[in-house]
Each structure stands twice: as structure tokens, then as C-alpha cells.
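Trainee: Okay, these came from TrEMBL:
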DOMAIN    36-153  domain 'FAD-binding FR-type'
BINDING   Tyr95, Leu110, Lys112, Phe115, Ser129, Thr185  FAD binding site
REGION    295-317  region 'Disordered'
Amino acid sequence: MLTYVVAAVIILLTVCLFFKKGVFFSSSMGVALDASKFQNFKLVDKITVSHNSFIFRFALHSPTQRLGLPIGQHLHIRCMTTNPEGKPEMVQHAYTPVSSDDDLGHVDFLIKVYFKNVHPNFPNGGRLSQHLYDLPLGTMVEIRGPVGNFEYLGKGNYTVKDGKGKLKKMHTDAFTMVAGGTGITPMMQLIRAIMKNKEDRTNIFLVYANQTEDDILLRKELDDCAKDPRMKLWYMLDRETSPQWKYGTGYVDEATLRAHVPVLQPRNSDHNRVVALMCGPPPMLQKAVKPNWKNSATPQRTCSPFDGSGMKRGVQSRVEERNCGFTHNRKATRKKRVDAK
């Protein structure tokens, strides 16, 4: 009789332990995200990537829970910060995780911290990134999502919401990507999804711009992906480089785009369709990428770039802006705004 009692106690304790760890409970919780409201997530780790870039890891509600973020969409993070006048002010930005939906129990964000008194035009630096950097582990941060009108379904198929919220399913043969700095994170989300599926024959053409070689984020993973024949990768650095540097120098210009990305063609042409994605500092996109993309295209093309950052940012936080856009045929999109983050 005592043996049965001991066995029953052991089974009961085991079941309680499983519930405590969330093994059973997590399945009923569903995914962590809720697009209708902000939720608190605990900061559990900070990992140094470079002198000013860090991975911020947040725990989900259960160690076996999935985030629930569709490919091509992003999240909003908001925190109460102190403005330059010393008054409390809520700051909110959009971020794309570098972790995947296959990673259980946590979500990782690769964020560049804009420290104060570094850039002469932005003496206060980036309020939200500095706030996250200063947070002690264990602090709760508000996150909401998924956010965005673009979702990649796989094998070149994707959906876009038009201005009326109607979902349109479309197809592309290739993605042309131009990224700057941390603008690589939404691109990486899509790149991983394509590379993961060997049956996905969608091609990728990526031009990734930074100031120095040390600023290149996720380089090892990018170089590994570029070994796949489906992906072509070209780095650009706008500062001095070593004699061993085998990629481009200077800013992204017409010659760069002509050499390393396919020309955008009209939808009714005989050429394969290409979707163009851009994410990086607004000056880079407005002054370098967009004008030169237009110049590098054939005169017959009917593509026009448009942005969809999906966020309103304050003047004080403008240093942290990443302007992301989605471009393809006007006839296909009717020139509606979409968000490719």
C-alpha cells in the first residue's frame, strides 16, 4: 500500500512540475503576441554584438511558447522615458526580431544604441535605445504586434493589404533588398524564411551598406546564406577600408544598383517580376537609394517607390528612424502604401 502512495505522490509532483514549467499550460496559451494591446515582457539578457549594437532578449509568457510573428511583419516597443526637458514621455518604435518563431520562450531584438554626445546633429542621442540599454535585467517592457501590411507566405507568394484593408495575394520571382545598419533585421527575417525552405526558389539580391567593416551586423550568417546560389550579396562601406576589402566603397549609387540588383521591370514585360525592399536611415534612402533606383531602371518600367514605416516618431528620436519601403508594379498595387518591415 505504501508503494502505491509513494508512486502517486511522485506522479503528482511530476505533473505539478510540468505545469509550473508551462509544458502543458503553454499549449493552451497560444502565441505570445496580441495585436490589439501592449503586453509586458521581461528583459532577461543583453548580449554585446559591437560597441554600440546589442541583442536584447525578452522572455515570453511561457518557456515553451512561440512568439507568433508572421514573416515580413514587426513589433512595437514602447517605454516611458525622460525627454530633454526632464519630463516623462512615452517613446515608441518599430522593431523586427532577429530570433525566429521556432525559438521558444524568448524573443531577441538586435538594436543599435545611439548614445548621447556622439553625433553633433543629435546631441541627445536616441531616447528609446539608450533607455533599453540602461534597463536592469528583470525589467518589464511593453510590446505589441504583429504590425504590418506585408506577409511572406513562402515560395514567392506574399500578401499585401491595400488602403481599404483588403488582402491581396501576389507572387514574385525575386526580392531586391537595400539595407543600411540595423535595417538588415527585417531583411534577415525574410532571408531566413527563404533559405530555410530548399523548395523555395525565390532569388535574393541584397546590397547592405554600413560605415565601417566592424559595423556589419549578422555578417557570418549573411556570408553563409550567400553561399546558396539563390542569394547574391554585396556590401558597401562609406569610410576607409583595408586593402583586403573586396566589396564596394562609398555610397549606394546608380552604378551599384545596376551592377548588383536586377532592373525593375513592368509587370506586363517578359522579364521576371521583382519586389524591392528598402530599410535604413532616411537620408540614405531618400538621397541615395530612391533616386538611383529610379535612374537605374529601364525607361519603360512602371514601378515607383513608396514608404510604409507605419510609425510616427518624435523629433528628438529622429536619430533612431529606419525608413522601410516596398516597391513593385503600380498596376499590381495601385500605388497603395504597404509596410515591409
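Numbering starts at 1 and runs along the chain as displayed.
Each Cβ is built from the backbone N, Cα and C atoms, and glycine gets one as well.
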Trainee: Fewest neighbouring Cβ atoms within 10 Å: which of the binding-site residues Tyr95, Leu110, Phe115, Ser129, Thr185?
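Mentor: Selected from the binding-site residues Tyr95, Leu110, Phe115, Ser129, Thr185 on minimum Cβ neighbours within 10 Å: Phe115.
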Trainee: What is the Cβ neighbour count of Lys112 (FAD binding site) at a 10 Å cut-off, with all protein chains included?
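Mentor: Lys112 (FAD binding site) is surrounded by 21 other Cβ atoms within 10 Å.
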Trainee: Tally the residues of the domain 'FAD-binding FR-type' (36-153) by DSSP class, grouping H, G and I as helix, E and B as strand, and everything else as coil.
Mentor: 8 helix, 55 strand, 55 coil
